[in-house]
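A quick write-up on the structure given underneath.
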Amino acid sequence: MTPRRSLGGWAWLILTGLLAGFLSGLFGVGGGILIVPALVYLVRLDTRLAAGTSLLAILPSAIVGVLTYASAGNVDLLLAALLALGAIVGAPIGSWLLEKVSKRTLQWSFIAFIGVVIVSLFLVVPSRDAAVHIDVLGGVLLVILGVCTGILSGLLGIGGGVVVVPMLVVLFGSSDLLAKGSSLLMMIPTALSGTISNLRRKNVDVGAGLAVGGAACLTTTLGGLSAAAISPSLANILFAAFLVVIAVRMGFDAWPRRSAQ
């Protein structure tokens, strides 16, 4: 579905895409954490439609981001494949749960998780030369991580990089650039799977998704190059700050609904 909108509405979509694309390249995330509230508050989509539209917008940006990171050798195909395998299973589950689960409970739980991740980022500084050595147990854990991120992707309209990147750095000892590049590759089948599920439920504004995604492609490469130009310690600090913004935004979004009850 693609409702008619004003020129100002299209302008907001393009501006949202430009900023989301840069953040996607810089942090290895889909940008949905910015796209969803922008669609809700600036373009006036309802939350469920915004979440479904966000996944469509993530697709082209993630492809450009993967090409940027892969050109510098910062994509692990096996790692991304295992994550994607789990995420493909999880994304339809998340889309199905979107109409059944209290998002408020999910948001507060995710905020608590973000708090733990922020603390861990200050305890572990990744090496740019670090690679992930995958054994059987590690492979199973990566698939499980993928399932969890896929569910969150379907529920919240995010690509999962907010979860995957810090977990790869903290738990698997990955370099930050390898984690970001592999995260973006994982997002492609994840977002595609979730988008197909949402399209079947008529839960996507196709025009808005393509506008945001197209604009995001213009700035994703700049974000990826910026990520490589800064030190790992600064990258951790910036990612932690990004997570703080996410937590505050989610708290702001969840709190009024709780107080209204």
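Here, residue 1 is simply the first one shown, and the rest follow in order.
Cβ coordinates are placed from backbone N, Cα and C, and glycine is handled just like the others.
Annotations in TrEMBL come from automatic prediction, not curation.
Listed in TrEMBL:
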type	residues	note
TRANSMEM	12-42	transmembrane segment
TRANSMEM	49-71	transmembrane segment
TRANSMEM	77-98	transmembrane segment
TRANSMEM	105-124	transmembrane segment
TRANSMEM	155-175	transmembrane segment
TRANSMEM	206-228	transmembrane segment
TRANSMEM	234-252	transmembrane segment
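Beyond its flanks by at least six residues, the transmembrane segment (12-42) meets 49-51, 53-55, 57-58, 61-62, 64-65, 68-69, 153, 156-162, 164-165, 179-181, 183-184, 187, 191, 205, 208, 211-227, 238-239, 242, 246, 249, 253 of its own chain at Cβ-Cβ distances under 8 Å.
Same-chain neighbours of the transmembrane segment (234-252): 23, 26-27, 29, 33, 37, 107-108, 110-111, 114-115, 117-118, 121-122, 124-126, 162, 165-166, 169, 176, 227, counting only residues six or more beyond its ends whose CB sits under 8 Å from a CB of the stretch. Only residues 6 or more beyond the boundaries of the transmembrane segment (105-124), in the same chain, are considered here, and those with a CB under 8 A from a CB of the stretch are 152, 155-156, 162-163, 166-167, 169-170, 236-237, 239-240, 243-244, 246-247, 250-251, 253-254. Taking Cβ pairs closer than 8 Å, the transmembrane segment (155-175) reaches residues 24, 27-33, 35-36, 50-55, 58, 62, 74, 76, 79, 83, 87, 94-95, 97-98, 101, 103, 106, 110, 113-114, 117, 120-121, 123-124, 126-132, 138, 141-142, 145, 148-149, 182-184, 186-187, 190-191, 232, 236, 239, 243, 246 in its own chain, all 6 or more past its ends.
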